[in-house]
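Asker: I grabbed these lines from TrEMBL:
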type: ACT_SITE; residues: ASP159; note: active site
type: ACT_SITE; residues: ASP355; note: active site
type: DOMAIN; residues: 141-479; note: domain 'Peptidase A1'
type: REGION; residues: 494-524; note: region 'Disordered'
type: TRANSMEM; residues: 46-67; note: transmembrane segment
type: TRANSMEM; residues: 644-667; note: transmembrane segment
Amino acid sequence: MRELVRVEKDRSKHLANHLYPTPSFQFCFIISLITLASFPRQQRLFAMAMAMAKAMAYSVAFFLFLLSQSCPSPSPSQPMLLPPPHPRALPAMVLPLFPSPRNSFTTFSYSSRRLLRSDSNSSHPSARMRLYDDLLSRGYYTTRLWIGTPPQKFALIVDTGSTVTYVPCSACENCGTHQDPKFQPELSSTYHPVKCSLECDCDQDRVQCIYERQYAEMSVTSGVLGEDVISFGNLSELLPQRAVFGCETEETGDLYRQHADGIIGLGRGDLSIVDQLVYKGVISDSFSLCYGGMDVGGGAMVLGGISAPSDMVFSYSDPTRSPYYNIELKEIHVAGKKLALNPRIFDGKFGTVLDSGTTYAYLPEEVFAAFKNAIMKELKSLKQISGPVASYNDTCFSGVSSDVSELSKKFPTVEMVFGNKQKLLLSPENYLFRHSKVEGAYCLGIFQNGVDPTTLLGGIIVRNTLVTYDRKNSKIGFWKTNCSELWERLHVTGAPSPSPSSSSGKDNSTFKMPPTSAPDGTPHYALPGEIEIGAISLDMALSVNYSYLRPRLVQLLEFMAKELDVNGSQVHLLDFTSEGNSSLVRWAIVPSRSATYISNITALNIISRLAEHRVTIPEAFGNYQLVQWEVKPSLTQTWWQQHYLGALMSVIMLIIVGLLASGIWLWRRRHQRLVPYQPVDGTAREHELQPLQS
């Protein structure tokens, strides 16, 4: 919405340049008047008539320009607001972490599908949703949330170490430029500020509740607290919920510079989104994270309970130990050899903390020294080199294959042993990151935590690991898996529900939905009532890479138009991006030139054929998956917008008639002045009568 406002401001400025003449224009106009005054009177009348005609012509042209700006035609490429997801009683929700899958179209075994069942001790089914980003490109994982009515979209960092969810607000003058426009509370019909009370910190006027958070890298976010409807995406079965969040008015440091809009806080605390949903009774007291691997990224996040795999490794997590999620780490083994450390060293200050918002791992000084020495002893055959950034004393090694699957042949395995003697196996990708300047070189992603005795385990430690935060039973589970494919398993095998319209009830909302299952098990696709559809937007993933597909996009869209029985002019490419070794194509189908909208029956037929793979594409394009779809209602036009052409033609005809009448009047007046004028009482000249000739 903010982008649309910015466009309108630019447009107003552009119109102002036409409405207010420039100094050069004024000078030329004055010179023209002076020159015109020097002409004879008859020539001046004629010149003034011509000038009037030109002025009217320019006025018509400017009038046409105004109409073109005030009556834009609907375009499928214009962003429209997303509605909240469709409800289902007491669900959990899955928030996948923006995957870039290498093998997006794999056949999955029954053993992997058991993860899709809801917790056997809970009546809350799982929900599903697509997310983005990874450690490799950004240093964090993000999810998407929609806030307000109509919904405004935000990309938020998934952070188990934070207890507040915040987004930058329109009043924030000290906020950086982020992925999405700022939240505009004034545009949400369901937004309410949280009024000052004894339960919160208040602003200076003691009118509104405020918040402030400072993070480890010394960046700060602060603002006011607001309450609004929060939606979790089109694949979530969870009803949009009212929740309290931070409306940011100031940010500093990395928060100012980051690409993501804000943070979704998953920690323990009254403002945590997890605590708020658990308190409402809409999810069970559990959530899970699954981060993708070194080269792929992606994964999934589940709010609510899932059925844990039988071989998941658990550690006790004491909720009273610290405000963070901690585990009982007792030992670390490198290449099967235990480090000579006192187990109590892992219990300093906050203990051993899992923090999804931290990129790497940070160990107490003694632990880091022992770990680094043990790794170095196993890598005598590799050459140690400088890190990618000279100012950092990174420990890096060269002479290794660029293939991640080959790392285990050179680097040792690491094991973390918990208080119950269960072990979490770490592969090399769980403690290494690629050297950005030297091919085939890797650096340790585990560092000394300064003088802080806390053991801090960031996202790198749990790559390709499903981590379940079972808050109800005070334990955290770990299960090694391919998290990028886990998203595909969650997405493909589930049966998500459709999304309803925005709670505002406005007809110009965008309806974005996945397929749902009917009682008889057959899939069906529901629209929110009978609407006149202005565009169908389709996000389709294909199992071919970006460079291969790019020159064949036109051919693909032409094929789709033919298969779906629509005219080629109705199909438009909106976006084309790379998703690892796959590609994501966003395209739209608009009404034909002879129609003003697409019928519901036609739209449902198109969507169902694609979602159920009843459209067979050539093998050259690989396999496809309909990731999500939207229907955008046609814009409701005013009487003026519908009839402006007729009104315009009437105005032009009036101008032409006026010009003709003015021209005729001036011509007649000019010829009348050519007849000699004789006073009434003057002496008339007598003419001699000529005799008639016979």
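Glycine residues also receive a Cβ, built from the backbone N, Cα and C atoms like all the rest.
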Asker: Taking only same-chain residues 6+ apart in sequence, whose CB is under 8 Å from that of ASP159 (active site), what do you get?
Answerer: TYR140, ILE263, ILE264, GLY265, LEU266, GLY267, ASP355, SER356, GLY357
Asker: Mean pLDDT for the domain 'Peptidase A1' (141-479), rounded to an integer?
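Answerer: Its mean pLDDT is 92.
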Asker: Report, as a single number, how many Cβ atoms besides its own are within 10 Å of the Cβ of ASP355 (active site).
Answerer: 21
